[in-house]
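Colleague: Encoded as C-alpha cells, here's the structure I'll be asking about.
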Amino acid sequence: MQSTEPWSPSWGTLSWDYSGSGSLDQVELCPAWNLPYGHAIIPALYLAAFAVGLPGNAFVVWLLSRQRGPRRLVDTFVLHLAAADLGFVLTLPLWAAAEARGGLWPFGDGLCKVSSFALAVTRCAGALLLAGMSVDRYLAVGRPLSARPLRSARCVRAVCGAAWAAAFLAGLPALLYRGLQPSLDGVGSQCAEEPWEALQGVGLLLLLLTFALPLAVTLICYWRVSRRLPRVGRARSNSLRIIFTVESVFVGCWLPFGVLRSLFHLARLQALPLPCSLLLALRWGLTVTTCLAFVNSSANPVIYLLLDRSFRARARFGLCARAGRQVRRISSASSLSRDDSSVFRGRSPKVNSASATW
C-alpha cells in the first residue's frame, strides 16, 4: 500500500502516491498539476480520520480483548478488523504532514518504508478479514448445521492468522521497493516506489489477489445472506444489517480507488494509452478516492455507535470509573445462530434485548 499522490504543478515532476507513483514513459511526459487546495484539504481529512479512528478502534480492541470466557466467533473477526484499522490510522499523521508539504517526505527513509508497509499490510488484512467474516455469516445463516465443524473458534483463529500472514506477504514489495526518491526538480525527497515497470505488474497482481478477490467473495456472501433476511428473526436481521453496513461502507470507500488504481497501473504499463487530459483526471480521481479509502479506517466505530444501542451502552460503561463491574454484568440477549452471537450484543440496565443487535 502506498501513499496518496500530491502532484507538483511543474511538468515532469516525480510523483509519489498511495496509488502508485513515480513517472514512466507516457505518464512522465504529461503535466502533473496539484489538485486545487489539496495541500490543505487532504491533511485535514487525514487528521480528522486519525482523531476519530484512533480512540474508536482502540476502544473496540480494548472492549473485545478484555472479554472473559469463550469469545464468540464474530468477536474474533471484529477484534482483528479493529486492530487492522488501528494500525492503519496510526500512520495517517505522517502522510498528512507529507501532504501539507506538497508531497515532500520529512521523516527519513526508514519511516517511509515502515509506513508504506503498515498501510499495505493493514489494508490487505482488512479486506481479507471482511471476506472471512462474510463467509462466516453466510455459513451461520445459510448452512447452520452442515458448516458447524468449520465454525469453531480454532478455525476462525486460523482464518484470521492466515489473513495476517497473507497481508504481511503482500506488504513486502512496499517494504523492499519503497523509499526516499529525489524529486525531479531537486527540491527534496518523496516517499515513493522505485520507478520500475515490473513493479506495476506486481502491484496490479496484488490488487487483484488482495482486493478484487476478497471483494468478490464479500459481495457474493452479502447477496446470498440478503436473500435470507426476510426469513430470519428480528434480532438476527438487525445484527446482519450492521455487518452489511460495515461491509458496504468498506466497498463504497475502497471500490472507486481499486478501479482507478487498476487503470493507472495499466496506463503505466502502456496497456491503456490515455491522453494527458485523462491521465490528469485519473490522477486527481486517485487523490480523491485515496482520501475516501483512508477515511474508511475510522468508519467502523462510528457505525457501531450509530446503529447499535448495546455498543453505545457498553461505551458509556467503558468510559466510567466503574466500567469493569457494569460491563461484566452485561449478558447475552440474542444471537445470529445458536452457537454464535454478534459483536457488541448484550443487555445493560437501559438496553433491552430487541435493541441489542450485536
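The backbone N, Cα and C atoms fix where each Cβ goes, glycine too.
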Colleague: Disulfide-wise, see what Swiss-Prot says CYS191 is paired with, picking from CYS112, CYS124, CYS253.
Modeller: CYS112
Colleague: Topology question: in Swiss-Prot, are ARG137 and ALA281 both on one face of the membrane?
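Modeller: No, Swiss-Prot places ARG137 and ALA281 on opposite sides of the membrane.
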Colleague: Does the transmembrane segment (44-64) reach the transmembrane segment (285-307), going by 3 or more CB pairs under 8 Å (6 or more apart in sequence)?
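Modeller: Counting Cβ pairs under 8 Å, at least 3, so yes.
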Colleague: Please average pLDDT over the topological domain 'Cytoplasmic' (65-76) for the predicted structure.
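Modeller: Averaging the confidence scores along the topological domain 'Cytoplasmic' (65-76) gives 77.
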Colleague: Answer with yes or no whether the transmembrane segment (240-260) touches the transmembrane segment (156-176) by the criterion of at least three Cβ pairs under 8 A, sequence separation 6 or more.
Modeller: no
Colleague: By a simple count, how many Cβ atoms lie within 10 Å of the Cβ of CYS191 (disulfide bond), its own Cβ left out?
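Modeller: Taking all protein chains shown, CYS191 (disulfide bond) has 29 Cβ neighbours within 10 Å.
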